[in-house]
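Quick look at what Swiss-Prot annotates:
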TOPO_DOM  1-11  topological domain 'Extracellular'
TOPO_DOM  33-39  topological domain 'Cytoplasmic'
TOPO_DOM  61-80  topological domain 'Extracellular'
TOPO_DOM  102-115  topological domain 'Cytoplasmic'
TOPO_DOM  137-146  topological domain 'Extracellular'
TOPO_DOM  168-179  topological domain 'Cytoplasmic'
TOPO_DOM  201-214  topological domain 'Extracellular'
TOPO_DOM  236-253  topological domain 'Cytoplasmic'
TOPO_DOM  298-322  topological domain 'Cytoplasmic'
TOPO_DOM  344-364  topological domain 'Extracellular'
TOPO_DOM  410-857  topological domain 'Extracellular'
TOPO_DOM  879-889  topological domain 'Cytoplasmic'
TRANSMEM  12-32  transmembrane segment
TRANSMEM  40-60  transmembrane segment
TRANSMEM  81-101  transmembrane segment
TRANSMEM  116-136  transmembrane segment
TRANSMEM  147-167  transmembrane segment
TRANSMEM  180-200  transmembrane segment
TRANSMEM  215-235  transmembrane segment
TRANSMEM  277-297  transmembrane segment
TRANSMEM  323-343  transmembrane segment
TRANSMEM  365-385  transmembrane segment
TRANSMEM  389-409  transmembrane segment
TRANSMEM  858-878  transmembrane segment
Amino acid sequence: MSTQSIFDGDNVVVYSASDPLLLFIVQAIIIIALCRLIHIPLSFLQQPRVIAEIIGGIVLGPTVMGRIPKFLDYIFPTSSMGPLNLVSNLGLVLFLFVIGMEVDLRVLVLNYKVTLLVTVFSIVIPFGAGAGISAGLYKFTTREFEFGKFLLFISTAMSITAFPVLARILSELHLLHKRVGVIVLSAGIGNDVIGWILLALSVTLVNSGSGVRAVYILLLALGWCLFLFIAIKPLVYLLAVKTRSLKDKPSESFICIVLSMVLVSAFFTDIIGIHPIFGGFLVGTIIPHENDLTVKITEKIEDLVNCLFLPLYFASSGLKTNISTLNTGKIWGYTIGTICVAIASKMGSSMLAARILKMPWSDSLVVGSLMSCKGLVELIVLNIGLSTGILNETIFSMFVFMAVITTFVTTPMTKFFLRFTKSEHDDNSIESSEELVQYLPELPTRLSFLINHPLDASAAMIFIQHIYENRDKVSGCLHLPQIIIHSIWTLFVDSRTSNLLRASQVDNKVENEALMGLFETFVKIKKFEYESNALLVSGTGYYNVVLETLKKSSSNILIMPYLKDYKTIENESSSSPLSLSSIRLALGDSFKSLDELIPLIKMARIPVGVFFTRNPHNLSVKKIRPIIRSTEYGSPKNDFEQLEKDKKSFDQVEISVKEKGSTYERSKVVILIYLGTENDLIALELLLKFLYEETSIAYIYTYDEFYKDDYATSLPNVVYTSEVLLSKHNDSAFKVWPKLRKNIRKITKPNGFTTDQHSQTFIPSQTHTKLDLRLSDVTDSVRSRINVVKFGNLNSLLSCLHELIQPATLTPSFETEKSITMFLGCRDKQAVSEKLEVAALSEMKKLGYIESSSEFGMLAGLIPLVLLSNFPLIDFFLGKAPTKMVQGY
């Protein structure tokens with residue numbers, strides 16, 4: 001308990017050797033808060049936190065705040081550095097233990113050729129460059145040590161690469177899954193191991209005083225390494241098995257024994273004359289990597305190390321840094337020269353190794369810029385050099401400045417050179433709507449599913465099941481295109497070391513991941529070909545990675561499946577069905593996650609589809625009304641008598657009815673809301689693939705401006721089959737595609753109207769011509785099961801859909817074999833669909849609709865959001881045309 005108290009008028013921050021805790025707490029709060037504040041602006045530049053911690057230490061030191069009178073005397077007095085250094089060095093030992101666990105020797109073995117080549121080049125050449133510049137830097141020392149020892153230390157500092165910082169930069173730039181990232185990661189591990197060996201050798205030679213003593217120290221260090229790897233490593237594995245730490249979470253006893261080993265190893269390496277951090281590093285390398293054991297251990301200690309211990313260490317380092325000692329032109333000349341030599345030697349050597357590996361110049365430059373990263377490990381080396389007396393304050397400050405600059409420029413340099421790498425999806429685009437019409441019939445032959453969450457996999461399996469049912473029940477004489485299922489699994493990683501460890505073991509993880517294996521088994525049981533990719537991505541900005549993966553797989557369409565939450569939908573009645581809150585409830589977590597993926601949807605150069613589903617069980621379907629007409633009072637009725645009278649003109653609709661008054665229930669009902677946009681064509685193509693099954697039926701609701709002022713009519717008063725739309729009386733289709741005339745037969749119009757009298761009623765607008773063309777390509781069997789319904793406003797559309805889909809029956813049903821899937825296109829501000837939205841928006845607001853300000857709401861548009869909220873329990877497919885599509889008709 002503290003003997004100082006504010007009630008006694010004591011200065012509680014005065015250092016007391018018997019009770020140093022109060023001042024230590026004040027120091028820790030100031031250091032951590034300042035480092036976090038500095039990191040906020042640097043994070044927007046994608047800079048690692050270590051730069052903020054180094055700068056924070058420099059700011060607290062004599063360079064900046066040390067110039068405030070009495071600041072260092074009261075807050076960081078020399079006498080208080082003992083406890084601060086003790087805690088920070090303990091944290092450093094634990095941090096090196098974590099770094100040791102990052103070193104997966106299996107990666108070195110699998111990529112030994114690449115690792116050996118890049119590691120040797122990236123160490124030998126910078127080592128030689130450091131030896132050259134050390135001749136000039138030696139003049140700034142007191143020359144208490146031999147030049148050879150000084151040369152060895154400077155060369156080690158020049159040749160080392162900060163592997164922990166490097167791994168985080170690779171994660172931020174989404175390079176971990178690429179060949180460039182694999183090469184740099186492997187070389188970084190090799191560089192890290194050799195760098196620590198060189199550092200141990202340097203410290204040994206400095207502390208030995210004689211060559212014979214140095215040999216003894218090295219032999220003891222080698223013996224300790226062999227003892228750990230030969231005797232202790234198998235025992236650690238057996239202990240992990242015995243305590244069930246491999247199968248489950250690491251037990252408390254296992255963690256206690258491992259941390260005790262870290263301290264013992266650090267103690268031994270310190271007393272033999274190397275450094276305690278080397279002992280912690282060695283213990284980290286012997287921890288088994290099976291079943292993510294290193295990840296689980298790291299998760300237990302990394303937050304304490306990264307949030308408390310490391311900032312204290314770098315702050316104590318910054319307190320020793322005095323940039324004001326760089327006060328002459330000659331010193332600044334050597335400082336700039338040191339920075340240039342450090343970057344040029346590291347970058348040039350790594351680039352040369354990459355060129356030997358036959359990598360392109362652009363990728364070679366990326367490898368070189370990444371390997372020039374210094375940062376955290378450099379600071380450790382410099383502090384050891386300062387504590388041993390090899391470096392004085394001037395050279396120490398010079399190299400700290402060099403470490404900050406080289407680490408700071410790593411990310412911008414890498415991003416700059418990445419611009420010159422060939423974009424693998426630049427050519428993956430469709431340039432015009434005419435090209436899309438030709439492209440669509442073959443579109444869904446290779447379906448790519450983006451799976452970010454386990455629930456997404458369930459939704460993808462439901463979509464695949466829909467396709468399988470159609471293929472499985474189709475007539476044997478009908479030729480179907482081969483369908484390949486391609487899944488893209490994303491593994492999100494952040495700056496946490498445990499996540500980076502998990503990412504580095506992704507290949508092993510993919511092979512053993514139960515969900516991925518289950519998904520693959522499901523696809524193969526359905527007799528589809530299967531391909532998959534696992535991507536290591538950070539939380540944001542990974543869209544280019546996905547797009548490049550799509551290009552490599554030659555995908556025709558990207559489908560993003562989402563599983564909606566039934567529990568939230570049950571509570572929907574508490575709010576307006578058109579309110580934004582109801583829409584959020586209908587989509588569940590998909591609403592938020594879709595907002596994060598909007599840039600991917602907008603940037604895609606191939607069609608994109610968003611599939612919403614609730615659960616694998618199908619829904620009840622009300623008895624289908626093949627003809628829905630409107631009476632003069634606006635109420636709907638089934639006009640089977642009129643159907644019989646007009647049987648001659650509506651013989652294609654007759655297939656939907658077995659006999660007068662009967663109901664013929666289809667096993668699958670698919671609905672398309674067609675507003676004449678390119679996005680709707682994407683939805684149309686997927687709808688047609690759902691019609692291979694002979695017992696399925698489709699309703700295509702088309703918007704026609706002719707009815708936009710007909711608000712008195714609650715239901716559409718015109719229903720046509722596709723054959724009517726493709727009749728020769730459709731002047732626009734006849735003029736644009738004369739060949740269609742051969743496949744079209746004359747149809748007499750209903751209700752006694754002559755052709756001339758009724759032609760203005762059923763001629764679709766220009767936006768429907770692509771629909772006509774696509775429907776003319778399908779088989780007679782499919783076309784006969786398509787009914788086209790016109791509507792003039794959103795109210796009439798909703799009324800018709802409510803008649804088709806009975807709201808009271810929208811509950812989970814395990815007995816029916818029926819399902820409903822609705823297909824829509826995203827909003828298109830340049831299309832006629834925008835007019836429908838504008839006309840309906842004011843009316844929707846009166847009914848309680850709150851215009852969505854979300855990214856997804858703006859992209860999807862009013863119509864899909866309203867339909868999603870009105871029919872939350874049916875499946876939805878929302879289509880989006882490629883980015884470079886030329887809009888217009």
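Cβ coordinates come from backbone N, Cα and C, glycine included.
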Stretch contact, the transmembrane segment (147-167) with the transmembrane segment (12-32), Cβ-Cβ under 8 Å, 3+ pairs: no
Paired segments the transmembrane segment (389-409) and the transmembrane segment (40-60) in contact, 3+ CB pairs under 8 A: yes
Spatial neighbours of the topological domain 'Extracellular' (61-80) far in sequence, C-beta under 8 Å, 6+ residues away: 13-15, 17, 20, 23-24, 26-27, 30, 318-324
Same-chain residues near the topological domain 'Cytoplasmic' (298-322), Cβ under 8 Å, at least 6 residues beyond its ends: 27-28, 31-32, 35, 49-50, 53-63, 66, 72, 76, 81, 84-85, 87-92, 94-95, 98, 101, 250, 255, 376, 379, 382-383, 386, 393, 396-397, 400, 496-498, 501
Distant-in-sequence neighbours of the topological domain 'Extracellular' (137-146), which means Cβ under 8 A and at least six residues beyond its ends: 154, 206, 331, 334, 338, 389-392, 394-395, 398
Counts by DSSP class (helix H/G/I, strand E/B, coil) across the topological domain 'Cytoplasmic' (33-39): 7 helix, 0 strand, 0 coil
Secondary structure composition of the topological domain 'Cytoplasmic' (236-253) [DSSP: H/G/I, E/B, coil]: 9 helix, 0 strand, 9 coil
Structural state census, the topological domain 'Cytoplasmic' (168-179) (DSSP three-state): 6 helix, 0 strand, 6 coil
Remote residues contacting the topological domain 'Cytoplasmic' (33-39) - C-beta distance under 8 A, at least 6 residues beyond either end: 47, 49, 51-53, 55-56, 59-60, 311, 314-315
Folded-back contacts onto the topological domain 'Extracellular' (344-364), same chain, C-beta under 8 angstroms, at least six residues removed: 114, 117-118, 120-122, 124-126, 128-130, 158-159, 161, 179-180, 183, 187, 370-372, 417-418, 420-422
The topological domain 'Cytoplasmic' (298-322) [mean pLDDT, rounded to integer]: 83
